[in-house]
Amino acid sequence: TSACCDKCFCTKSNPPICQCRDVGETCHSACKFCICALSYPAQCHCLDQNTFCYDKCDSDS
């Protein structure tokens, strides 16, 4: 999936430390550290930390 995030949280530090908390069957394409729960369907989230948030995935929000 394309690199996007609907639930991104950042610290108030400078620079900020941001992490996407979206959960889905896969992680986005730019994720380097993806963790998936052993469930069906899989529940995965990306543990990468960045200094920014990706654009939202859901264009309706």
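Note: Cβ is positioned from N, Cα and C throughout, glycine not excepted.
Going by Swiss-Prot, these are the annotated features:
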DISULFID  Cys4-Cys57  disulfide bond
DISULFID  Cys5-Cys20  disulfide bond
DISULFID  Cys8-Cys53  disulfide bond
DISULFID  Cys10-Cys18  disulfide bond
DISULFID  Cys27-Cys34  disulfide bond
DISULFID  Cys31-Cys46  disulfide bond
DISULFID  Cys36-Cys44  disulfide bond
Rounded Cα separation (Å) that holds between Cys27 (disulfide bond) and Cys57 (disulfide bond)
12
Over all shown protein chains, what is the count of other CB atoms within 10 A of the CB belonging to Cys57 (disulfide bond)?
17
Candidates Cys31, Cys34, Cys36, Cys44, Cys53 (disulfide-bonded residues); nearest Cα to Cys5 (disulfide bond) turns out to be Cys53
Do you know offhand how many angstrom separate Cys31 (disulfide bond) and Cys53 (disulfide bond) by C-alpha?
12
About how far apart, in whole Å, are the alpha carbons (Cα) of Cys18 (disulfide bond) and Cys34 (disulfide bond)?
15
Taking the Cα of Cys46 (disulfide bond) as the centre, which of the disulfide-bonded residues listed as Cys8, Cys10, Cys20, Cys34, Cys36 lie within 10 Å of it?
Cys20, Cys34, Cys36
Reported as an integer number of Å, what is the Cα distance between Cys8 (disulfide bond) and Cys57 (disulfide bond)?
11
Between the disulfide-bonded residues Cys5, Cys8, where is the Cβ count within 10 Å the lowest?
Cys8
Which one of these disulfide-bonded residues has the most other Cβ atoms within 10 Å of its own Cβ: Cys10, Cys27, Cys31, Cys36, Cys44?
Cys27
Need this for a regression test: disulfide-bonded residues Cys10, Cys20, Cys34, Cys36, Cys44, filtered to those with Cα within 10 Å of Cys4 (disulfide bond). What's left?
Cys20
Of the disulfide-bonded residues Cys20, Cys34, Cys44, within 10 Å of Cys53 (disulfide bond) (CA to CA), in sequence order, we find Cys20
Using Cys57 (disulfide bond) as the reference point, find which of the disulfide-bonded residues Cys10, Cys20, Cys44 has the shortest Cα-to-Cα distance to it.
Cys20
For Cys20 (disulfide bond), identify the closest of the disulfide-bonded residues Cys10, Cys34, Cys36, judging by Cα separation.
Cys10
